[in-house]
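Quick look at what TrEMBL annotates:
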{"type": "DOMAIN", "residues": "46-297", "note": "domain 'G-protein coupled receptors family 1 profile'"}
{"type": "TRANSMEM", "residues": "31-52", "note": "transmembrane segment"}
{"type": "TRANSMEM", "residues": "64-83", "note": "transmembrane segment"}
{"type": "TRANSMEM", "residues": "103-125", "note": "transmembrane segment"}
{"type": "TRANSMEM", "residues": "145-168", "note": "transmembrane segment"}
{"type": "TRANSMEM", "residues": "201-226", "note": "transmembrane segment"}
{"type": "TRANSMEM", "residues": "247-267", "note": "transmembrane segment"}
{"type": "TRANSMEM", "residues": "273-292", "note": "transmembrane segment"}
Amino acid sequence: HRVMSAPNLSGSHPTFFILVGIPGMEKSHTWISMPLCMMYSAALLGNSVLLVTIVKERSLHEPMYIFLCMLAVCDLLLSTATVPKTLGVLWSLSTQISFSGCLAQMFSIYFIFVAESAILLAMAFDRYIAICDPLRYTAVLTRSVVGKVGVVALIRSFCIMFPAIFLLKRLPYCGHNVMPHTYCEHIGVARLACADISVNIWYGVAAGFLSAGLDAISIAVSYVLILRCLWGLPSPRASPKALHTCGSHLCVIAMFYTPAFFSFLAHRFGQHVPLHVLISLANLYVVVPPMLNPIVYGVRTRQIREHVAHLL
């Protein structure tokens with residue numbers, strides 16, 4: 001018996017997880033998959049068109065549009081890390097995911113999410129310099145600075161999310177491998193463990209606050225400073241024009257942070273929120289912002305609108 005129990009203790013991870021989709025809504029999986037598939041296709045098309053337009057058009061090689069390129073790449077990666085697997089689960093084509101594949105997917109989702117949050121903060125700083133200190137805009141936001149911002153966003157994202165892999169690997173799972181979800185999410189995986197997961201919960205809270213939480217606070221501060229600047233402008237016409245450039249960014253921020261924070265907090269502290277609501281929301285926040293971001297920027301930014309029309 002001792003000989004048999006030793007491998008079980010050392011190999012307490014399941015070989016694979018079975019993703020069951022949205023619990024209680026199994027009969028509607030095919031119907032749910034249709035809008036999800038359409039939104040994913042729209043996200044792929046919109047972000048690809050945005051990327052090609054900005055890369056091909058030399059007049060758009062400015063910091064604001066380079067950050068927009070980074071945002072489009074993050075959107076493409078975030079939706080692609082989750083939606084194909086989700087569709088496979090909803091269509092009952094592929095409900096299994098290996099343990100290491102699950103950890104890789106979980107890491108990818110959070111890594112991209114934290115990087116995207118940093119890019120939204122960089123875009124807020126870009127708007128602040130453009131409105132409050134326009135004469136120094138080209139001196140402050142040089143190409144090397146923009147490149148360094150991108151690299152720092154990736155390094156920070158990696159450092160914040162890498163420990164989560166080991167926090168999940170150290171847990172024993174006692175053969176529990178059926179996960180009520182459509183993709184691998186940190187607390188979703190941790191809840192299958194037959195051990196105390198309070199470290200995982202508090203690490204998730206700390207990681208969320210130190211990344212997206214601080215970014216959201218910094219973005220709010222930058223917009224308070226922008227508003228202060230606008231009130232001090234001598235020309236009454238300057239305010240609406242300057243605010244218009246911030247409108248698209250504010251829409252994107254609202255779409256990115258609102259569902260993500262709600263889902264994040266509800267997963268950890270919302271014991272009374274039904275599971276199918278949590279999982280449906282988790283699916284929406286990885287596909288709705290990537291689908292809407294290029295539309296928001298395309299509709300609200302004249303230069304992009306004109307160049308997309310020219311490209312098409």
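Glycine residues also receive a Cβ, built from the backbone N, Cα and C atoms like all the rest.
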Surrounding residues of the transmembrane segment (247-267) on its own chain - C-beta under 8 Å, 6+ positions past either end: 71, 113, 116-117, 120, 123-124, 127, 185, 187-188, 204, 208, 212, 216, 219, 223, 273, 278, 281-282, 284-285, 288-289, 292-293, 296-297, 300-301
Other parts of the chain folded back onto the transmembrane segment (273-292), taken as Cβ under 8 Å at six or more residues beyond its ends: 21-25, 32, 36, 39-40, 42-43, 46-47, 75-76, 78-79, 81-83, 86, 109, 180-183, 185, 252, 255-256, 259-260, 262-263, 266-267
Distant-in-sequence neighbours of the transmembrane segment (31-52), which means Cβ under 8 A and at least six residues beyond its ends: 22, 25, 68-69, 72-73, 75-76, 79-80, 83-84, 86-87, 90-91, 280, 283, 287-288, 290-291, 293-295, 297-298, 304, 308, 311-312
Whether the transmembrane segment (64-83) meets the transmembrane segment (201-226): three or more C-beta pairs under 8 angstroms: no
Same-chain residue ranges lying at least 6 outside the transmembrane segment (145-168) that approach it to Cβ under 8 Å: 63, 66-67, 70, 103, 106-107, 110-112, 114-115, 118-119, 122, 186, 189-190, 199-200, 203-204, 207, 210-211
Distal contacts, the transmembrane segment (103-125) - CB-CB under 8 A, six or more residues away: 64, 67-68, 70-71, 74-75, 77-78, 81-82, 85, 97, 146, 149-150, 152-154, 156-158, 160-162, 164-165, 168-169, 183-186, 189, 207, 211-212, 215-216, 218-219, 222-223, 249, 252-253, 256-257, 260, 286
